[in-house]
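For reference, the structure is listed below as structure tokens.
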Amino acid sequence: MAAAVAAALARLLAAFLLLAAQVACEYGMVHVVSQAGGPEGKDYCILYNPQWAHLPHDLSKASFLQLRNWTASLLCSAADLPARGFSNQIPLVARGNCTFYEKVRLAQGSGARGLLIVSRERLVPPGGNKTQYDEIGIPVALLSYKDMLDIFTRFGRTVRAALYAPKEPVLDYNMVIIFIMAVGTVAIGGYWAGSRDVKKRYMKHKRDDGPEKQEDEAVDVTPVMTCVFVVMCCSMLVLLYYFYDLLVYVVIGIFCLASATGLYSCLAPCVRRLPFGKCRIPNNSLPYFHKRPQARMLLLALFCVAVSVVWGVFRNEDQWAWVLQDALGIAFCLYMLKTIRLPTFKACTLLLLVLFLYDIFFVFITPFLTKSGSSIMVEVATGPSDSATREKLPMVLKVPRLNSSPLALCDRPFSLLGFGDILVPGLLVAYCHRFDIQVQSSRVYFVACTIAYGVGLLVTFVALALMQRGQPALLYLVPCTLVTSCAVALWRRELGVFWTGSGFAKVLPPSPWAPAPADGPQPPKDSATPLSPQPPSEEPATSPWPAEQSPKSRTSEEMGAGAPMREPGSPAESEGRDQAQPSPVTQPGASA
């Protein structure tokens, strides 16, 4: 058995190492100067594959060679070669009609020291196979058609060029911003979700003074829902991989609607505290408006929709649209964290482990299943290289690189963190906070799980720096958060109740959010007859309270010792209720 497990682990490690060796492409620079003197040299972005040949990291170590414009030819056969070949030159040829290998093989055979393939379309990695890589010894890269025109317009037809690939900083300062946003969202969302859940349990029967004050009910996630959700995620990811240009607009539309809803949900509690705008719109028969919402809430809804629409229209403005996307994304994550509830640690473990395997499969295993050898997850998250729309999925936090680098010219200015890397561990953090409140543990679970999330995110950044490629963050976040939560439960000897959520049945002290005395639902009473404690057998048949939970079955001590019974809503009765222990109907046990 041990040998079989070791063999399986060895195979997984081998697969991981093979994947790590498959470098699809890297960005580099071509520095161009005029051979006859003139304007100062300029850098242009190229996309190259280091498996053909490596480029020097410093321009001072690169060789300046003549750049020959041969774009009138596709360089797919020997007939396309010039009579004297490309001796000690870097030819520029057009893309198309044959493979990259055929072009670079002909160029190398004619004496070229490098090859630049001009593309009118989006730049794609110049790929090949291992045998072809071993045969070729010169660098091959793709240059955009627009840059090729600028080169010969600016420097004339006789130019010299050097190819190099400057090193980027191991970590960019934008990682600090992403870390603060991610950990802050998880901490605030988890704290809000836990506090809101307990508040709603205490205020279960409260009557709001207006329809706009009604909050969305939390949704408990069941194992069946978890399985359905994962199947839907897999299906959607595969569909996006094959039909990206069509479905990307569907995802953008869904994000606009969901983020506007999330922003409204986050700002509504603040707006309700304002002392003005409480007037309601006139009576009408329009959908939703017939409930006569307050003017301030209506203005808030219009503001949230406007912010979402502005982002949707200007989403490709790299200078500032990322700020709106991050704000809307954080609001969306907070809304989801307080709306979706995992009722037990068992449900948390199931969801996190299934999505952990999902992340590993679509990042590390799918390259062996696709024809291009690319990861489905990475392709979808960053946008397929052959996408005609060049749209990006908005379900990420994105921050532009802050370190100065020549590679800023290339189309890779942002660092990304997916919403799933916030929401999935955040649901566990929210559960920990709810459990903390229920068992009165000074929020040790919440604090420990939040710190574990931060540590897992730091480990993700370290792995990103070491491997220099995108990482599945759940690979590091799930073990950190699950192991930490489990360790705290073991240390406190509460693993059983933490696993099943049975700690929610404990009796809680009076909540600061307890409803106003006269607002709670009351059992029907005869206003003409003074009420007195009665045994459960004398409970009227029409009472909406269960026999074992009837207020009339309480002892005189529970109702306030010696307090005379009054009509519903009377001050004396309300005072007695306030002194009593919470009724089992309002205790957070049944739905935990």
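Cβ atoms here come from the backbone N, Cα and C positions, even for glycine.
If you check Swiss-Prot, you get these features:
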{"type": "COMPBIAS", "residues": "512-524", "note": "compositional bias 'Pro residues'"}
{"type": "COMPBIAS", "residues": "580-592", "note": "compositional bias 'Polar residues'"}
{"type": "DOMAIN", "residues": "71-149", "note": "domain 'PA'"}
{"type": "CARBOHYD", "residues": "Asn97", "note": "N-linked glycosylation site"}
{"type": "CARBOHYD", "residues": "Asn129", "note": "N-linked glycosylation site"}
{"type": "REGION", "residues": "512-592", "note": "region 'Disordered'"}
{"type": "SIGNAL", "residues": "1-25", "note": "signal peptide"}
{"type": "TOPO_DOM", "residues": "26-174", "note": "topological domain 'Lumenal'"}
{"type": "TOPO_DOM", "residues": "196-221", "note": "topological domain 'Cytoplasmic'"}
{"type": "TOPO_DOM", "residues": "245-248", "note": "topological domain 'Lumenal'"}
{"type": "TOPO_DOM", "residues": "272-293", "note": "topological domain 'Cytoplasmic'"}
{"type": "TOPO_DOM", "residues": "315-319", "note": "topological domain 'Lumenal'"}
{"type": "TOPO_DOM", "residues": "341-348", "note": "topological domain 'Cytoplasmic'"}
{"type": "TOPO_DOM", "residues": "370-412", "note": "topological domain 'Lumenal'"}
{"type": "TOPO_DOM", "residues": "434-445", "note": "topological domain 'Cytoplasmic'"}
{"type": "TOPO_DOM", "residues": "467-470", "note": "topological domain 'Lumenal'"}
{"type": "TOPO_DOM", "residues": "492-592", "note": "topological domain 'Cytoplasmic'"}
{"type": "TRANSMEM", "residues": "175-195", "note": "transmembrane segment"}
{"type": "TRANSMEM", "residues": "222-244", "note": "transmembrane segment"}
{"type": "TRANSMEM", "residues": "249-271", "note": "transmembrane segment"}
{"type": "TRANSMEM", "residues": "294-314", "note": "transmembrane segment"}
{"type": "TRANSMEM", "residues": "320-340", "note": "transmembrane segment"}
{"type": "TRANSMEM", "residues": "349-369", "note": "transmembrane segment"}
{"type": "TRANSMEM", "residues": "413-433", "note": "transmembrane segment"}
{"type": "TRANSMEM", "residues": "446-466", "note": "transmembrane segment"}
{"type": "TRANSMEM", "residues": "471-491", "note": "transmembrane segment"}
Using a Cβ distance cut-off of under 8 Å, indicate which of 222-244, 249-271, 294-314, 413-433, 471-491 has the most pairs with the transmembrane segment (349-369).
471-491
Just how many other Cβ atoms lie inside 10 Å of the Cβ on Asn97 (N-linked glycosylation site)?
12
Can you tell me how far the Cα of Asn129 (N-linked glycosylation site) sits from the Cα of Asn97 (N-linked glycosylation site), in Å?
18
Which state, by DSSP, holds Asn97 (N-linked glycosylation site): helix, strand or coil?
coil
With the greatest number of Cβ pairs under 8 Å to the transmembrane segment (446-466), the stretch among 175-195, 249-271, 294-314, 320-340, 413-433 is 175-195
Which sequence positions outside the transmembrane segment (320-340), separated from its termini by at least 6 residues, show Cβ-Cβ distances below 8 Å to it?
181, 185-186, 188-190, 192-193, 196, 216, 218-219, 221, 255, 258-263, 265-266, 307-308, 310-311, 314, 394-400, 414, 419, 422-423, 426-427, 430
May I ask you to check whether the transmembrane segment (413-433) and the transmembrane segment (249-271) make contact, with contact taken as at least three Cβ pairs under 8 Å and only pairs 6 or more apart in sequence counted?
no
Take the C-beta pairs under 8 A between the transmembrane segment (249-271) and each of 175-195, 294-314, 471-491. Which stretch has the highest count?
294-314
Treating G and I as helix alongside H, and B as strand alongside E, what does DSSP give for the topological domain 'Cytoplasmic' (341-348) in helix, strand and coil?
4 helix, 1 strand, 3 coil
